Amino acid sequence: MGTRLFFYVALCLLWTGHMDAGITQSPRHKVTETGTPVTLRCHQTENHRYMYWYRQDPGHGLRLIHYSYGVKDTDKGEVSDGYSVSRSKTEDFLLTLESATSSQTSVYFCAISE
């Protein structure tokens, strides 16, 4: 059996105003074997154009992995190696760890903005 990784997917509420941010991430927690692909889903109900995936590691602030500025329009962030994204509809932005490695053990955050 291969090494297992623990991915903690946290909900990032980068929103001012009311408490319902209109954004969810799934799964909330993920344990997987190294070498296995893992997909994290960010779902929004606010119809915002911009969506972001970040990771936070001990001793570091948030680091941008990928972002999207519309359906099928995505770009890389500062730590994009080993990740891919897709956004086939406004509501969902998927982050895939192509082949999970121990260096990808992190807290993952999704955010949205207009």
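Cβ atoms are placed via backbone N, Cα and C, with glycine included.
The feature signal peptide is assigned by Swiss-Prot to 1-21, with sequence analysis given as support. The annotation domain 'Ig-like' is assigned in Swiss-Prot to 22-114 on the grounds of sequence analysis. What Swiss-Prot records for Cys42-Cys110 is disulfide bond.
Summarising model confidence by region, the domain 'Ig-like' (22-114) averages a pLDDT of 96.
Residue counts for the domain 'Ig-like' (22-114) under DSSP, helix first, then strand, then coil, are 3 helix, 56 strand, 34 coil.
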